[in-house]
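First up is the structure itself, then whatever we jot down about it.
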Amino acid sequence: MAEFPSKVSTRTSSPAQGPGASVSALRPDLGFVRSSLGALMLLQLVLGLLVWALIADTPYHLYPAYGWVMFVAVFLWLVTIVFFILYLFQLHMKMYMVPWPLVLMIFNVGATVLYITAFITCSATVELTSLKGTRPYNQRAAASFFSCLVMIAYGASAFFSFQAWRGVGSNAATSQMAGGYA
């Protein structure tokens, strides 16, 4: 065995710490916002906000049906914000052990089912809880309409996330380069 030299010179260096040189800097991926997944998430956020804001402005606490609609709208709105931030800042790439296409597909399918129930509940109780032509009636009818649109948006996201999970239309190299969204 060769002998270890008695004098070893070591030299340490540190990375350049100039402005913008931080390794952990979070930069938004604007390509995600332009993708179908990003556009649908933005649509879900805007329409979901309209649903719960319209209902929250009425005396919904008097009717248990609107409590369910509010729960679905606010809960899914908050979870969609979390997913949007994860994908916008590419944090899902740092947590590579999580099967994100599968998680997103399960979330979107569940959100679609929950919004189907919220849409039916909201639509069925508009006339029972308000007089036609009054402000609460118009707000609840509008909330019902927007909940239908959000349901469709989540359904489209479920379809696209199913395709991403199955790998339809891409191979491993293109899905890695695209960041996991189309």
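Each residue, glycine too, has its Cβ placed from N, Cα and C.
Features reported for this protein in TrEMBL:
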- 7-16: compositional bias 'Polar residues' (COMPBIAS)
- 32-166: domain 'MARVEL' (DOMAIN)
- 1-22: region 'Disordered' (REGION)
- 37-55: transmembrane segment (TRANSMEM)
- 67-89: transmembrane segment (TRANSMEM)
- 101-121: transmembrane segment (TRANSMEM)
- 141-162: transmembrane segment (TRANSMEM)
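As a summary of secondary structure, the domain 'MARVEL' (32-166) carries 118 helix, 0 strand, 17 coil according to DSSP.
Each residue in the domain 'MARVEL' (32-166) has a pLDDT score, and their mean in this model is 95.
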